[in-house]
C-alpha cells in the first residue's frame, strides 16, 4: 500500500507543481473558456487524447478484449475514423469560431442556424447526455483506490476517496479554466498515453514470455466478429462503429477543443500527429487483453484486467504504475467534462437570456462547475441501478446532435425548424427504443436506438429544409457565413455576430 | 489554392467506406485463415488502422503543400498588425 499510494502522492504533487507554475490570470471569458485560442500542436494533441481516452474507456477496452475478443477493435477503428471527420469539418468550425468569437458547440450551432433556442436546446441535450459519464468517471476512481489498497479498503470508502481526490483536483480546473486544463492535459497525456503504451507493451511481452500466450493459440470464439447471421443483427458492428464516428465530435467537451487551437494548422496537425500514438496505444491495449484471455487467472478478472496485469507482472510497483496511468487518463476526462459543463451553463444557457459581463460570466461558470461537481460527487457515492444503461442512453442521445452539426456545416439548406424538430424527435425515438429494448438490437437488424433515432432526425431535417425555404435575408447571411465574403461587403454584418462588438 | 490530389481524396473516402461498411468485417470475422500464425481478423483491423493513419498524414502533407493553412496561420512574431 505504501508503494501504490506513494506513487499516487508523487503524481498528484507533480501535477500541482505543473499547474501552479503555469497559473495565468484570464483577461476575458474567451481566455477562460477556450484558453484564448492560443495552443499549438502538442498541447492540442494531448488535450484531444486526454478527452478521447479517459481511464474508464481504457479499462473497458482491455476488459472487452478479454471477454469478447477482436470485436474490441471497434473502439480503435471508430476513434481513428472520427479524426477523419474532424479533418473534414475543422477548417470551417475554426474560422467561424475565430471570426465570431465562438466558444462552444452551441455557439456554433446558434450562429449557423441563427437560433438562440437551438443553441440552448443542443447545450441542454449535451449536458444531460454527458452527466452519467461524469458520474461513471468519478466512480471508476473508487475502483482505483480499492485496487491500490489490495482490497483492504471497503468499496464504499474507496469511492469516497476517489471522489474526494477528483474534487480536490477541480480546484485548479475552476481557477484556471481551459488554460489549466490543456496544460495539465499535456502532463497527464504524456503519462497516460506514452506511459500507458509502454506499460501495455510490457504486459504483452510478459504474457508471451512468462505465460507463453500467443495470438495463434487464441480461443477461436474470440476471433469471430458478428456476421450477417449474428444474434445481435447483421448491422451490429456497423452500428457500433458508425455511432462512435458520428458521436465523437458531438460531445461538447471534445468539440470545444477545436476552439483552443491557435490555427487550423495546429488543430489538424494535432489530430493527425495524435493518431500514431492513439493507434499504438489502443492496439496494445486490445492485444494485451486478448493475450490475457489465455491466462485463466486473468480471464477471471476481465473487468479489472488492467490492474490484475499490473499486480501479477510487477507487484506493488506494477499495480501502482497501472493505477497512475488510469488516474491520469481519468482526470483528463473528468476535468474536460467539468470545464465544459461550467462554460456551457454560463455561455449557452444563462448567457442566452442575460448579457453577462466578463466577471459575471466567470462567476457563473465557476458556480456552475461547483454545483455540477457537488451533484456528480454526491451521485457517485450512491448505488444507482442501471447507471451504465443510463450512460449508454446518454450516448445514443448525444449522437442526435450529429444531424444538426454536420448538416449545418456541410449543407446550407438546413434550417432551425428542421434542426429543432429533428433533434427532439430523434432524441425521443432513441430514448423510447432504448427504454423498451434495453440495448437489444436483434429485432432491428443490429441498428442501435441512436442510429434509428438519427434516421428519424435526418428525415425530418431534410423534410423541413424543403418545406421551409430560407428567406432572402437568411440566404444572404448564410452566403456570407459559408463563402467568407468580407464583412465590409455585407450591410448587416453585425447581424451575423452572436455577440455584438462592444461599444468603446 | 490547388485542388487536393485525387489519389489522396480517393484513399480518404475508401478508408471511410471500408471502415464503416459491414461486409469486410463479416468476411474476416468468420475466417479461420492466419498469416504467420496471426488471425486474419486481427491483421485486417490493424491494417485498416494503419491505412487510416497513413492516409491522414498524406492528406495533411498534401494540404500543407497546396497552401490550405496559410490564410489561417497566426502571424509570425514581430509582424505588424494588418491595416485596411
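The backbone N, Cα and C atoms fix where each Cβ goes, glycine too.
Those TrEMBL annotations? Automatic predictions, nothing curated.
According to TrEMBL, the transmembrane segment annotation covers A:71-90 (among others).
Within its own chain, the transmembrane segment (A:117-138) has Cβ neighbours under 8 Å at 54-56, 104-107, 109-110, 159, 162-163, 166, 250-253, 330, 333-334, 337-338, 340-341, 344-345, 348-349, 352, 372, 376-377, 379-380, 384, 387-388, 390-391, 393-395, 397-398, 400-401, 404, 416, 419-420, 423-424, 427, counting only residues six or more beyond its boundaries. The transmembrane segment annotation in TrEMBL covers A:117-138 (among others).
The transmembrane segment annotation in TrEMBL covers A:150-169 (among others).
According to TrEMBL, the feature transmembrane segment maps to A:190-213 (among others). Listed by sequence, the residues of this chain that lie at least six past the ends of the transmembrane segment (A:190-213) yet keep a Cβ under 8 A from its Cβ atoms are 11, 46, 49-50, 53, 55, 58, 277-278, 280-281, 284-285, 287-288, 291-292, 294-295, 309-310, 313, 321-322, 324-326, 328-329, 332.
The transmembrane segment annotation in TrEMBL covers A:233-259 (among others). Proximity of distant same-chain residues to the transmembrane segment (A:233-259), defined by a Cβ-Cβ separation under 8 Å and at least 6 residues beyond the stretch ends, is recorded for 33-34, 37, 44, 47-48, 51-52, 71, 74-75, 77-79, 81-82, 85-86, 89-90, 93-94, 97, 102-106, 108, 123, 126-127, 130, 178, 225-227, 267, 336-337, 339-340, 343-344, 395-396, 398-402, 405-406, 441-448, 450-451, 454.
Annotation source TrEMBL lists transmembrane segment at A:271-293 (among others).
The transmembrane segment feature in TrEMBL is assigned to A:313-333 (among others).
Annotated transmembrane segment per TrEMBL: A:369-395 (among others), in sequence order.
Among the features that TrEMBL reports, transmembrane segment is placed at A:416-433 (among others). Outside the transmembrane segment (A:416-433), and at least 6 residues removed from its termini, the chain residues within Cβ reach (under 8 Å) are 109, 113-115, 117-118, 121-122, 125, 393, 396-397, 400-401, 403-404, 407-408, 444, 449-450, 452-454, 456-465, 468.
Below 8 angstroms of C-beta separation, residues 226, 230, 232-240, 242-243, 246-247, 393, 395-397, 399-400, 402-404, 407, 411, 413-415, 417-419, 421-423, 425-431, 433-434, 437, 439 of the same chain, each at least six residues beyond the ends of the transmembrane segment (A:445-469), sit close to that stretch. The feature transmembrane segment is assigned by TrEMBL to A:445-469 (among others).
Taking Cβ pairs closer than 8 Å, the transmembrane segment (A:313-333) reaches residues 1, 3-4, 6-8, 11, 15, 47, 49-51, 53-59, 133, 137, 140-141, 144, 147-148, 166, 169, 184-185, 188-189, 191-193, 195-196, 199, 202-203, 206, 210, 306-307 in its own chain, all 6 or more past its ends. Counting residues 6+ beyond its ends, the transmembrane segment (A:71-90) has Cβ neighbours under 8 Å at 52-53, 57, 61, 64-65, 225-226, 237, 240-246, 248-249, 258, 264, 267-268, 271-272, 274-275, 278-279, 282-283, 286, 289-290, 406, 409-410 in the same chain.
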